[in-house]
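One structure is given here, and the rest of the page talks about it.
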């Protein structure tokens, strides 16, 4: 879910066209997979599956979104979460319970014929399993796209790569990337121009947020941004009741973070969270290698193993590796 900073970041969001985003993008892989599993579903909430009952929603999302990236001159690198920090355990347990309850409500809605509620609850029950991650990595490898297994938080790894210049920007729907120090965050980088938010469909377009512009505009340091995040609540702590983004900013700008914690949460030590955002476990000096797609391998996986329509897969691949004279992938590899 990430830190709830949207309210104070609105004026720093800049609409972008796909054409202006050519470059190398570090994609929050787990975040992307969750989106695919949530959105790519049948009207009653059932995920897309092959004849054997194996979920294919994530593979469809990975395949077509990645092709769209490449077609638009974006070289993606998918970053996957490693071992979650102990700080996150409470959040993980809470999310697991939310998914479990959503699954129960999904079944109940189906039983009473309430398709709209069933779809809503099905989305909330989405779960990224080890098999889903493994098959996504397999597909990306066949597509010639590098995958990075982060030692801990994928967003932290993506932010580090953006800060070092290994990639042009980080891609995630969450704002944690800014707390981790990503100089440029891009959101809404999706194939569809629509998203479902709180039960309704809205039009969206890619947008970028520059960390230096945010800090300068708000008149704070990155350290104070992290402090504000902790006051509001992060994946590692619940925050202080009644403290939203605007109040949190006022507090940190007056150097009141420590006093507020001492007053409201006397038994809470924010030091481990501060340190984790400042210096999370990441892999430095990565060597990224893009390769031409293995069309036969892609067809074997998607069509042979998962039942995708062969013609649809071939047509999609043709868009980026088409006949002579057309734009091809060669310039990227």
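Placed from the backbone N, Cα and C atoms, the Cβ positions cover glycine too.
The model shown is predicted, which means the values in this text are computed figures rather than measured ones.
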Among 28, 44, 212, the candidate listed by Swiss-Prot alongside 81, 153, 155 for Mg(2+) 1 is 28
Under 8 Å by Cβ from residue 81 (Mg(2+) 1 binding site), counting only residues of that chain that are 6 or more apart:
29, 30, 150, 152, 153, 154
Look up residue 155 (Mg(2+) 1 binding site) in the DSSP assignment and report helix, strand or coil.
helix
Which residues, same chain and not among 28, 81, 153, 155, have a CB within 8 angstroms of the centroid of the CB atoms at the recorded Mg(2+) 1 site?
29, 30, 31, 79, 150, 154, 156, 157, 158, 172, 176
Checking the binding-site residues 28, 153, 176, 235 for other Cβ atoms within 10 Å of each Cβ, the smallest tally belongs to 235
Least buried by Cβ count (within 10 Å) of the binding-site residues 155, 174:
174
Whole-number Å distance between the CA of residue 174 (Mg(2+) 2 binding site) and the CA of residue 28 (Mg(2+) 1 binding site)?
9
How big is the Cα-to-Cα gap, in Å, between residue 176 (Mg(2+) 2 binding site) and residue 155 (Mg(2+) 1 binding site)?
7
